[in-house]
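Contents: one structure, followed by commentary.
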Amino acid sequence: GIYILIAVGAVMMFVGFLGCYGAIQESQCLLGTFFTCLVILFACEVAAGIWGFVNKDQIAKDVKQFYDQAFQQALMADPETNNAKTVVKTFHETLDCCGPDNIMETITPLWRRDLCPDSTSLKRIIEPSTCHKKIDELFSGKLYLIGIAAIVVAVIMIFEMILSMVLCCGIRNSSVY
């Protein structure tokens, strides 16, 4: 997972370098390569978005499984030097939940207060919200936010492609002194 993110970041940095250097050098070849890379990245993003929408239930299941593994590691390992604790706390703070969908959800806040958000409200004490429910809500009820973000990225990439092609054509039509 992390290696994929590193690789994607490196590719994006390289593509950005192609665009900047091509614009500075006024190179049609570099700008054309930049445009081609943008088209390929755009196609990959569209394909990934479609795949994610079609497989949203499987992705939610995988996220819940990842959460469960991190939760178990956070419970069993040393609280001071535990990366799983950081992951679990991030889930809990972001989704405003505590614990998976089992008996642990009711007893975890009692003996591991460091893993769960503050239970100051009466509603949270009486009816605790489990992270599995919150993950399901995220993928079913708030999918439109992910869609809006994807559309914004797509529009920005389309403008990048248009502007790089305009610059490339402008360089081709400019007179050389």
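Quick reminder: no glycine exception, Cβ is built from N, Cα and C everywhere.
In TrEMBL, annotation is done automatically, which means it is predicted and not curated.
Keep in mind it's a predicted model, so treat the numbers as computed, not measured.
Noted in TrEMBL for the protein shown:
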type	residues	note
TRANSMEM	5-24	transmembrane segment
TRANSMEM	30-54	transmembrane segment
DISULFID	CYS97-CYS131	disulfide bond
DISULFID	CYS98-CYS116	disulfide bond
TRANSMEM	143-167	transmembrane segment
Sequence-remote partners of the transmembrane segment (30-54) [C-beta within less than 8 Å, at least six residues beyond its ends]: 11-12, 15, 18-19, 21-23, 143, 146-147, 150, 153-154, 157-158, 160-161, 164-165, 167-168, 171
Surrounding residues of the transmembrane segment (5-24) on its own chain - C-beta under 8 Å, 6+ positions past either end: 30-31, 33-34, 37-38, 41, 160, 164, 167
Cα-to-Cα gap, CYS131 (disulfide bond) vs CYS98 (disulfide bond), nearest whole Å: 6
Mapped DSSP class for CYS116 (disulfide bond), helix or strand or coil: coil
Among CYS97, CYS131, which are disulfide-bonded residues, the residue with the most C-beta atoms within 10 angstroms of its C-beta: CYS131
